[in-house]
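Q: TrEMBL lists 85-108, 120-142, 148-172, 202-224, 310-327, 334-361, 373-394, 428-446, 458-481 with the feature transmembrane segment.
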Amino acid sequence: FLGAGKPPMYGDYEAQRHWQEITYNLPVRQWYFNTSDNNLLYWGLDYPPLTAYHSFVCAYIAKLINPDWVALHTSRGYESQPHKLFMRTTVFVADLLVYIPAVILYCFSLKETSAKKKASTCALCILLYPGLILIDHGHFQYPLSLGLALWAVLCLSHDWDLLGSVAFCLALNYKQMELYHSLPFFCYLLGKCFKKGLKGKGLVLLAKLAGTVLVSFAACWLPFCTDVEQIMQVLRRLFPIDRGLFEACMFSSPTHCLDKVANIWCSLSVLIKIKNVISPRTQLKLSFAVTFLSLLPACIKLTVQPSLRGFKFALVSCALSFFLFSFQVHEKSILLVAVPVCLIINEIPFMATWFLLVSTFSLLPLLLRDGLLLPYAVTTPAFLAACLASFSILEKTSAEDLQLKAFSLSLKGYVSWVKYFPRIVRSLFFLSLALMAALSVLGAALPPPQRLPDLFPVAVAGLSCLHFLLFLGYFNVVILWDSKNRGQKKIS
């Protein structure tokens with residue numbers, strides 16, 4: 001694990017262990033406050049209540065096995081093989097109980113993959129996605145928020161809107177980064193209400209949804225609702241806007257700086273030192289405005305024409321907008337885009353596979369710091385091989401296969417280039433793979449120049465950001481040109 005055996009912070013593994021220590025030994029009212037027993041500068045809780053409750057459950061089990069693992073103060077920096085086994089087991093159990101069943105049930109519920117063989121290969125490719133494996137089990141994170149979000153999507157795909165709302169509220173109350181997915185959920189359900197009519201069934205559904213959300217949030221936040229100061233303190237911990245545009249984690253060390261994220265602000269900062277030019281408050285307003293404008297087209301289309309297919313594509317587009325343009329983005333946040341992309345891998349296997357490979361590559365500097373080069377080098381080609389075998393992705397590069405048929409028809413005079421489109425796309429794909437492979441080898445094998453110590457992380461972030469901007473344009477084109485021209489004659 002990153003930071004293992006390195007005081008004073010010891011890394012993310014210690015963060016999860018410390019949260020278990022705090023939640024088990026201190027009363028709820030002290031979990032988010034700075035006290036003599038809870039130094040917030042040492043991995044203070046900064047996730048919503050459901051994360052804290054999960055830490056408490058893990059701590060209760062840990063206490064039964066070995067009280068030293070969660071002993072107040074004296075367990076700081078505790079590392080042993082039995083404890084590592086226990087902590088890894090908690091992640092694996094979370095996978096087995098929440099994330100993996102959601103993936104399997106989702107794949108078997110797809111109409112396009114009704115055959116068991118196709119559904120199983122689709123599930124295999126999603127579960128082999130390297131980014132989630134490397135972050136959850138290598139960097140040490142729990143997959144519960146993403147798993148709950150998948151359950152929410154699964155529920156909505158069966159028209160279980162209230163159950164889906166509960167599942168997503170739980171996801172949001174586990175990690176606040178699920179805000180990346182919140183607008184598509186809101187717009188899709190609101191659009192359904194409009195479609196049913198706000199003077200009849202639509203109004204009833206809207207009232208039920210509002211009540212469900214309120215009850216779900218109230219249940220999660222009940223122990224913190226004793227007074228307003230408790231609520232405000234939790235919110236301050238969840239949204240530390242005073243840290244600035246880039247600084248997502250106040251515990252970052254010089255060897256783990258978060259200004260190499262593959263989003264637009266970090267990429268621009270190579271040319272323009274945004275932190276020196278714009279005040280923190282202006283940075284916040286600017287990032288909010290750009291994020292809002294970038295996701296507005298997809299949200300409007302989804303509200304006006306709600307469909308399950310549009311909802312899944314909007315999840316991708318909106319999450320990618322948040323990653324590229326929003327405030328305080330971490331490298332790991334790309335998983336919030338990658339998991340929705342996994343949901344459409346059966347519809348656009350070529351572009352989905354390409355995106356998932358780039359998203360894993362964007363994590364390379366973090367993975368190298370974690371000592372995860374070998375797992376990265378093994379899981380990434382394995383994932384590509386699985387997608388090639390399962391979906392024959394290189395044969396699905398036509399404008400129709402990439403859901404661009406309607407868009408290409410709208411270009412009218414430019415239709416002649418469509419016959420060259422598959423060859424162009426495949427060439428770009430191979431060029432992309434070659435660049436990512438080259439940077440992976442160079443970043444792992446060669447020391448950076450003394451004058452440019454961050455050369456390779458910056459190159460990885462810049463190349464990944466360029467890919468993500470192009471993907472954002474692509475997904476928005478698919479969303480905005482969807483359905484209107486779907487029945488038109490096939491382009492020769």
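The count begins at 1 with the first shown residue.
Just so it is clear, glycine is given a Cβ too, placed from its N, Cα and C backbone atoms.
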Q: By a Cβ-Cβ criterion of under 8 Å, what residues six or more beyond either terminus of the transmembrane segment (373-394) are in contact with it?
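A: Distant Cβ neighbours of the transmembrane segment (373-394) are 121-122, 124-125, 128-130, 133-134, 138, 345-346, 349-350, 353, 356-357, 360-361, 364, 367, 426, 429, 440, 444.
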Q: Report, as numbers and ranges, every residue of the chain located at least six residues beyond the transmembrane segment (120-142) whose Cβ falls under 8 Å of a Cβ in that stretch; write 'none' if there are none.
A: 1-2, 11-13, 16, 54, 87-88, 90-92, 94-95, 100, 103-104, 106-108, 110, 113, 332, 334-335, 338-339, 342, 345-346, 356, 359-360, 363, 366-367, 370, 372, 375-376, 379-380, 382-383, 386-387, 389-391
Q: Taking residues 6+ outside the transmembrane segment (334-361), which of them lie with a CB under 8 Å of any CB in it?
A: 103, 106-107, 110, 112-113, 118, 122, 125-126, 129-132, 134-135, 146, 149-150, 153, 177-178, 180-181, 262, 309, 312-313, 315-316, 319-320, 322-323, 376, 379-380, 383-384, 387, 390-394, 396-397, 401-403, 425, 429, 432-433, 436, 439-440, 460, 463-464, 467-468, 471, 474, 478
